[in-house]
Ligand code: GLV
């Protein structure tokens, strides 16, 4: 067994063990992938301030996200098709998250359904929804999330239309995978993955098939996803969704100060500064560079979370130091899942936690709540979208 020292080790194993089509789905951005790349590379422009001879004992990474206790302010982000990365993937990831003490967010485009994940976990998870046209389906999704005791809705606002991902087009991505000579040849080399998939009945989009009108098989599902997203969305509609749910409400996909202000005006519980992991508007700024301005503008009114680009505990520390109240990892836990199932997600969380804790110590901090600008050296213009770094 190779030594798993960092998230990159999990990524390497994941790449070896998972069919190409699903690895590529996770490991891609839209179009030229500039934003996908900059989400991670921009973290490297932030340097840490080393402090010495301070009491570093009794450190704590414990915090809260939307009032919920968390072992560290790192939630698992909603990731579509997680149950294709590894059999029963959403259930495994949710279990790892609950054992670790961090929130798990289930995607609407998951393979395991809301009910299935609820039946196999014991703590309330969060549920992500897209803004879909089908009002009845949306109401039913909220009802199902309520019945499953979900603790929050995470509404994705940056996917009214899909950003084109070239790799997915070339691979003919679908769930379950289309059987072509190329995909069969590739899957035959992924023995562990194949055995897992043969052993589960969860191979379709569990929240949609049999629930959305006219969607009974995967072929009609692709037609449904192409047509389902609401291009006419506006802030009134967002307000309606918030009222339809009536509980804790998080808006995801904010990358602009004006949009952040509008979201804060709605009185939501949190916003997630996010560009969808670079999967939607390629050429948009990285989340980490937009974070400071958004925190400045609305941080006193709403909890500001961030995702896109976090691959280490040091990245988490940098986001928290720039004012994020919480963070999310998507790819980082997906690598773990594809590499080693539930144990791999646990390993990803342990790695991030250890890196966060040790870095905190070397920065001379004992409590995540005390992290702030004093822990960073930020290059001039970092938070200015008009400046090149
Ligand atoms: C879904 O939200 C995706 O980015 O594929």
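Glycine too: its Cβ is placed from the backbone N, Cα and C atoms.
Per TrEMBL, the feature active site, proton acceptor maps to 276. As annotated by TrEMBL, glyoxylate binding site applies to 25, 165, 276, 279. Here TrEMBL flags 78-80, 107, 128, 130, 156, 252, 274, 307-311, 330-331 as FMN binding site. Residues or ranges marked as domain 'FMN hydroxy acid dehydrogenase' in TrEMBL: 1-381.
Cα-Cα distances to residue 156 (FMN binding site) place 276 within 10 Å, out of the recorded positions 25, 165, 276. The Cβ of residue 274 (FMN binding site) lies under 8 Å from the Cβ of 158, 252, 253, 254, 255, 287, 306, 307, 308, 328, each of which sits 6+ residues away along the same chain. Using a 10 Å Cβ-Cβ cutoff, residue 25 (glyoxylate binding site) registers 23 neighbours. Cα spacing between the residue listed as 'active site, proton acceptor' and residue 310 (FMN binding site): 12 Å, rounded to the nearest whole number. Fewest other C-beta atoms within 10 Å: among the recorded positions 165, 276, 279, that description fits 165. Of the recorded residues, residue 78 (FMN binding site) and residue 279 (glyoxylate binding site) place their C-alpha atoms 13 Å from one another. Other residues of the chain with a Cβ within 8 Å of the Cβ centroid of 25, 165, 276, 279, the glyoxylate site, are 28, 29, 30, 163, 168, 277, 278, 280. Filtering 78, 80, 128, 165, 279, 330 by Cβ distance to ligand 1 (under 6 A) retains the following binding-site residues: 80, 279.
The closest partner of residue 128 (FMN binding site) among the binding-site residues, by CA position, is 279; the full candidate set was 25, 165, 279. Residues 25, 165, 276, 279, recorded as contacting glyoxylate, have a largest CA-CA distance of 13 Å.
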